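Written out below as structure tokens is the structure these notes cover.
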């Protein structure tokens, strides 16, 4: 693995990585001994701990359309109705929980004076695509139908998510864009989102392939677990053998290093080498071309209807270019975009906010940039 020279507090990042690698190793041992699966152990370690009462928030666990949610409501009274935020957590669609993101959601609710709804969607590999997407969509629809009960302004509801949660937020936003029976979303907030699975050879994938907290191989691994419940054909997907040439050509206008600003290529570019297309692999992963799974592939007619957007990217992140490509697509289609780039950031940095003493200053800056954007709405 690599610790990029530009990352603030590299010693702390090494400590985080050591803990994660140790957890993975112990998980493999437990799985081999038959005590529990590696994924189950990883979820246990990452689940976070229950926090005490918050003097500034009402917090309650509910169900929206049978989807578990946690609702955070500021106690302080304010003039008029409050903002509403649907929050979808990260974790590669495999990890993450309401408790894991408790501190992040409390912070967003307190600092932006917003009602936050954190959604516990079903996780892969037990629940394959589109389970997570459907849970997030159903919870969002329920909230939009009951805003008055929570004192939320129908004109100021935002979807927000980090990593896999950013993917889900983008997919939900696209689905609701053409709906006339529900309040329109005011904005979407996408924090280092994963938005496509066609090309795992974009510049950021090679520049940051060994940078924690998300390695290049793990990005493909998580996408396959979400899609199929297994990681078969991961090598073929990494090499690009899973997409037919005509389809790859079709999507080149949206998924291409040519659409990434030159300043992000100074650390090197390794274009996708031509590989033999394998039809059998494509048959197992062809749903990667569905926008509900890979929102970067949505048609212009959908993208044009999307709400104002906030995109956060990190320099040392394999998913950096997904965010940059979506930023360009939104802007090309007339959607207003606020972009915040953490020059010293790495994937998952916001999820480490005040997490077991592992908080990073750049992660706090990123979180505050989200709060400032929310206050501007």
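Glycine residues also receive a Cβ, built from the backbone N, Cα and C atoms like all the rest.
Where the annotation comes from TrEMBL, it is an automatic prediction and has not been curated.
The domain 'Alpha/beta hydrolase fold-3' feature in TrEMBL is assigned to 85-232, 276-350. Sequence annotations record features per position, and here TrEMBL assigns active site to 163, 317, 347.
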**Prompt:** How does the domain 'Alpha/beta hydrolase fold-3' (85-232) divide up by DSSP, counting helix, then strand, then coil residues?
**Reply:** 61 helix, 26 strand, 61 coil
**Distance from residue 163 (active site) back to residue 347 (active site), taken between C-alpha atoms, in Å** = 8
**Request:** Using all protein chains in view, find how many other C-beta atoms are within 10 Å of the C-beta of residue 317 (active site).
**Result:** 27
**Prompt:** Between residue 163 (active site) and residue 317 (active site), what C-alpha distance do you get in Å?
**Reply:** 11
**Prompt:** Mean pLDDT for the domain 'Alpha/beta hydrolase fold-3' (276-350), as a whole number?
**Reply:** 97
